[in-house]
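Undergrad: First the structure, then my questions, so here it is.
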Amino acid sequence: MTDNIPLQPVRRAKRHNSKNRNGCCPWSRCCGGGDFRPRTVWLGHPEKREQRYPKNVINNQKYNFFTFLPGVLFNQFKYFFNLYFLLLACSQFVEELRLGALYTYWVPLGLVLFITIAREAIEEIRCYLRDKEVNSQIYSKLSTRGEIPSSAGHKGKRFSIMFSPSGSCFLRTDQLDGETDWKLRLPVACTQRLPTAGVSPDATATKEDGDPPVNESLSIENTLWASTVVASGTVVGVVIYTGKELRSVMNTSNPRHKVGLFDLEVNCLTKILFGALVVVSLVMVALQHFAGRWYLQIFRFLLLFSHIVPISLRVNLDMGKMVFSWMIKRDSKIPGTVVRASTIPEQLGRISYLLTDKTGTLTQNEMVFRRLHLGTVAYGMDSMDEVQSHIFSAYTQPSRAAKTPAATKVRKTISSRVHEAVKAIALVHNVTPVYESNGVTDQAEAEQHYEDTCRVYQASSPDEVSLVQWTESVGLTLVGRDQSSMQLRTPTGQIMNFTILQIFPFTYESKRMGIIVRDESAGEITFYMKGADMVMAGIVQYNDWLEEECGNMAREGLRVLVVAKKSLTEEQYQDFEARYVQAKLSVHDRSLKVATVIESLEMEMELLCLTGVEDQLQTDVRPTLEILRNAGIKVWMLTGDKLETATCTAKNAHLITRSQDIHIFRPVTTRGEAHLELNAFRRKHDCALVISGDSLEVCLKYYEYEFMELACQCPAVVCCRCTPTQKAQIVRLLQERTGKLTCAVGDGGNDVSMIQEADCGVGVEGKEGKQASLAADFSVTQFKHLGRLLMVHGRNSYKRAAALSQFVIHRSLCISTMQAVFSSVFYFASVPLYQGFLIIGYSTVYTMFPVFSLVLDKDVKSEVAMLYPELYKDLLKGRPLSFKTFLIWVLISIYQGSIIMYGALLLFESEFVHIVAISFTSLILTELLMVALTVQTWHWFMIVAELLSLACYIASLVFLHEFIDIYFITTVSFLWKVTAITLVSCLPLYILKYLRRRFSPPNYSKLTT
């Protein structure tokens, strides 16, 4: 191929994040940071290429082959908990500090690391396989060997391309942003002038080196984005950006290792326990009056009481989280749910803010026509057959009202009013019918005969498509359209031709669109217009029902459009056209002059009807949002959609209740305007906030603290016209300003940055693609599953993890208390009470299964948790694991450890040599009884675990003759005295539990009874 067209689209520099979350390091460009140079693309001359393309792969992995082991170990040992045990195990290599066999320290640490590494490896492998599946998608490449594949075939592209010849096409961006409407894309102007053969590999010339250069500016209309689908047409293009240089990739951050708030709290408690360990060791040495090599004695006591900080806590929590994740995946009531981050399931039990996308998450982005209102009469879904009969009679009766000249003012019949309204709706839009071959019918033939089965409507807004589809359902069908004409088919099969004279497209500022058409059969010129009620109220003729009915329909969550018309004579139109053309040729204030000319037509227009269109909500969105609201979770909706649409959806989904006022934040551009608007908002109470992305950026720039303080007090917040970066910024600000946990829910590629920034990211996997679900911590198939995920699994996971962690701490404090009592009795000697297998078996074989069975415990049934979401609100205060509950368990441990040790010394004073057998047996029985005391709902596995652990201890006594005398423990004296010690240590706690449940029962117990 001999063309060598240099194309130089200039890439804007990427804005750096202050936290460098979008890069692996602040000084490197390896993560896509830094400034990008202009790229010159040489067609047919790869040897002239100066810049290399980044690898065109999707990567959601946290590690690679070389960084996996160092990364996992670093993430484990950067926290005090695991680093402490590593130093503890390493100290046993020093002979003077060794207290027992090396395996008593290294085996538990090795087990913890093995489980952690195995879990991370499994998640990384799964992530790699998911990425590999996406990265293995086939695309077509134009080669010099005569192969001419195309990139049309309804596949998502993973590179940005700029297109060449073969006309326009439509693009579907649902996998990128969740929008199902189609976007029009146009080829570069200079390539449209090339012959068709110019794109084939064996073409002789397209543009020679000696030809004069052609400079053309490229716009977004000339590009196809990554992760989009060519919905109609065939495309041959040039790859411009790949991999990390894609806009969608630059808008997302690298996957980060999320650490739950619960883990940080446990880490804090272990620091407190370590402080207690140091204090106890210093007290023991101080009571020896710091005699001899006291500094070595401090280290020996630190090792002797090292069980105060339990190493089994980490392995129990990690295994517990794996069980929680397994339960979520196995729940038949939320099928298809996937846990991609098994380290944070308990986070789901403490969410305070839920940030959700709109399109594809709350809504299906499928518009359904719900109501036609003519002022005196309204037609709903159940009465559309009446509209159909009116349309049919309007075109079958010879003298219909539409053709009778209005010599005198005669009140129009309902039939003629319906006909005019439907006709207006069928004409005032930007919808284009496209005919596609269905394998049986040829495409050209289908277009020629207007085949209904082959017709697809294309438009930039799904609202307009729904209106045109509705007119088709009642008998007036849009069958053809080009730049200058439009064809409608009547119920009788007659084709009506209209010439498009002018189109005034919808803009965000004008909030209306208009069209001037000429009916070819009658020669009548009509100006049709539709728009938002607030704008159209001043344009249409006076009436007494428009405002009231618009309010009623809006309260039902419908998108309301006001449709009006104005008949023009030929002279009126010619005069308008002359002024309109003159205004468009103006050099100064062109937009203002054009708007002024158009407004001269927009006066005293005849009000035809109101249309109500509903954006279909996802299944059970309303009850789910109500559950979340009752659970104390504040829901914020972050969307890229326009303000009116976002507000309407918020009302429809009952995110904003009917009783709540709505404060729509006025557009602000300066600091002064933002200050005034914030003051106006401050005076309102219990008011939902609706704000646009531009105004939000100004407020965050000048009044970040004040805005977030006010916004956090709102029952609901809707942010419209939000960019992906803004969504992530809002999540980060909520975390920093409130200190509460956030959960982000989305379904499109533009939600990935928000999902990765949140404490819990949930991706909704649907027809809009898998980008969000692949990057999320949890993946669900429907938004309604979020209720059960939080209310049942989140709540249970948090309460179970709290109970498990505190019980493991109690188990370790008990044996440490016994060790302290033993050392104090024996003149503060640093001699271990239990050695070898006893110390390892205590935390593993003898008590591991009963303690771990607490992961199956639950206070209420799942149905009750869903019925009373207020139970979830109690968890937001963090009461299951707090300093108060921690202190209670510490006191219980000190009490039981002291009773067991002093009881053993008191009752067996004459048989002191058997102190190990006596105290250890009492300790095991106490722990088994304490598990039974803690359990709220018995599971068969708990009973099996209790009996199995007791059986294991009894059976192991045969092999523990080194520590325990088998003949001694069979005596009656031993049995009753051990029983007495165990009862004294446990019975008071059982009594206290009974009294508490009797006189001060918890909330959940009232529901279970």
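Glycine residues also receive a Cβ, built from the backbone N, Cα and C atoms like all the rest.
According to TrEMBL, the active site, 4-aspartylphosphate intermediate annotation covers ASP357. Residues annotated as ATP binding site in TrEMBL: ASP357, LYS358, THR359, GLU464, PHE506, LYS530, ARG559, THR639, GLY640, ASP641, ARG721, LYS727, ASN750, ASP751. What TrEMBL lists as Mg(2+) binding site is ASP357, THR359, ASP747, ASP751. Annotation source TrEMBL lists domain 'P-type ATPase N-terminal' at 45-105. Residues or ranges marked as domain 'P-type ATPase C-terminal' in TrEMBL: 774-1001. Marked as transmembrane segment by TrEMBL: 100-122, 272-291, 297-317, 808-828, 834-856, 886-906, 912-933, 940-960, 966-992.
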Undergrad: Between the Cα atoms of THR359 (ATP binding site) and ASP751 (Mg(2+) binding site), find the distance and write it as a whole number of Å.
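TA: Between the alpha carbons of THR359 (ATP binding site) and ASP751 (Mg(2+) binding site) there are 11 Å.
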Undergrad: Go through ASP357, ASP747, ASP751, the listed recorded positions, and name the one with the sparsest Cβ surroundings, counting other Cβ atoms within 10 Å.
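TA: Each of the recorded positions ASP357, ASP747, ASP751 was scored; lowest Cβ tally within 10 Å is ASP357.
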Undergrad: List, by number or range, the same-chain residues at least 6 past the transmembrane segment (966-992) whose CB is under 8 A from its CB atoms?
TA: 892, 895-896, 899-900, 903-904, 907-908, 911, 914, 917-918, 921-922, 925-926, 929-930, 933, 957-958
Undergrad: Whole-number Å distance between the CA of the residue listed as 'active site, 4-aspartylphosphate intermediate' and the CA of ASP751 (Mg(2+) binding site)?
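TA: Pair distance, Cα basis, whole Å: 7 Å.
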Undergrad: Restricting to CB pairs under 8 Å, which listed stretch, 808-828, 834-856, 886-906, 940-960, is in contact most with the transmembrane segment (912-933)?
TA: 834-856
Undergrad: Quickly jot the same-chain residues contacting the transmembrane segment (834-856) by Cβ under 8 Å, restricted to those at least six beyond its ends, or write none.
TA: 100-101, 103-104, 107-108, 307, 310-312, 316, 319-320, 323-324, 800, 803-804, 807-808, 811-812, 815, 916, 920, 923-924, 927-928, 931, 934-935, 939, 941-942, 945-946, 948-949, 952-953, 956, 960, 962-963
Undergrad: For the C-alpha pair, I'd like the distance in angstrom between ASP747 (Mg(2+) binding site) and GLY640 (ATP binding site), rounded off.
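TA: Answer for this pair: 13 Å between alpha carbons.
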Undergrad: Could you tally the C-beta atoms, other than its own, that fall within 10 angstroms of the C-beta of GLY640 (ATP binding site)?
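TA: Around the Cβ of GLY640 (ATP binding site), 23 other Cβ atoms lie within 10 Å.
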Undergrad: Provide the number of Cβ atoms within 10 Å of the Cβ of THR359 (ATP binding site), excluding the reference atom itself.
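TA: Its Cβ shell of radius 10 Å holds 28 other Cβ atoms.
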Undergrad: Which of 272-291, 808-828, 940-960 shares the most C-beta pairs under 8 angstroms with the transmembrane segment (886-906)?
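TA: Top-ranked stretch among 272-291, 808-828, 940-960: 808-828.
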Undergrad: At a C-beta cut-off of under 8 Å, are there same-chain residues at least 6 beyond the transmembrane segment (940-960) that contact it? List them, or none.
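TA: Answer is 837-838, 841, 845-850, 852-853, 856-857, 921, 924, 928, 931-932, 966, 969.
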Undergrad: Give me the long-range Cβ neighbours of ARG559 (ATP binding site): same chain, 6+ apart, Cβ under 8 Å, in sequence order.
TA: MET367, ASP463, GLY612, VAL613, GLU614, ASP615, GLU644, THR645, CYS648
Undergrad: How many neighbouring Cβ atoms, not counting its own, are there within 10 Å of the Cβ of PHE506 (ATP binding site)?
TA: 20
Undergrad: Of PHE506, GLY640, ARG721, which is closest to ASP751 (Mg(2+) binding site) if I measure between C-alpha atoms? They're all binding-site residues.
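TA: In terms of Cα distance, ASP751 (Mg(2+) binding site) lies closest to GLY640.
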Undergrad: Which residue counts does DSSP give the domain 'P-type ATPase N-terminal' (45-105) for helix, strand and coil?
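TA: The breakdown for the domain 'P-type ATPase N-terminal' (45-105) reads 31 helix, 0 strand, 30 coil.
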Undergrad: Using a Cβ cut-off under 8 Å and a sequence separation of 6 or more, which residues in the same chain sit near ARG721 (ATP binding site)?
TA: GLY640, ASP641, LYS642, LEU643, SER692, GLY693, ASP694
Undergrad: Take the Cβ of ASN750 (ATP binding site) and count every other Cβ within 10 Å, whichever protein chain it belongs to.
TA: 28
Undergrad: Could you give the mean pLDDT over the domain 'P-type ATPase C-terminal' (774-1001), rounded to a whole number?
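TA: Averaged over the domain 'P-type ATPase C-terminal' (774-1001), the predicted model reaches a pLDDT of 88.
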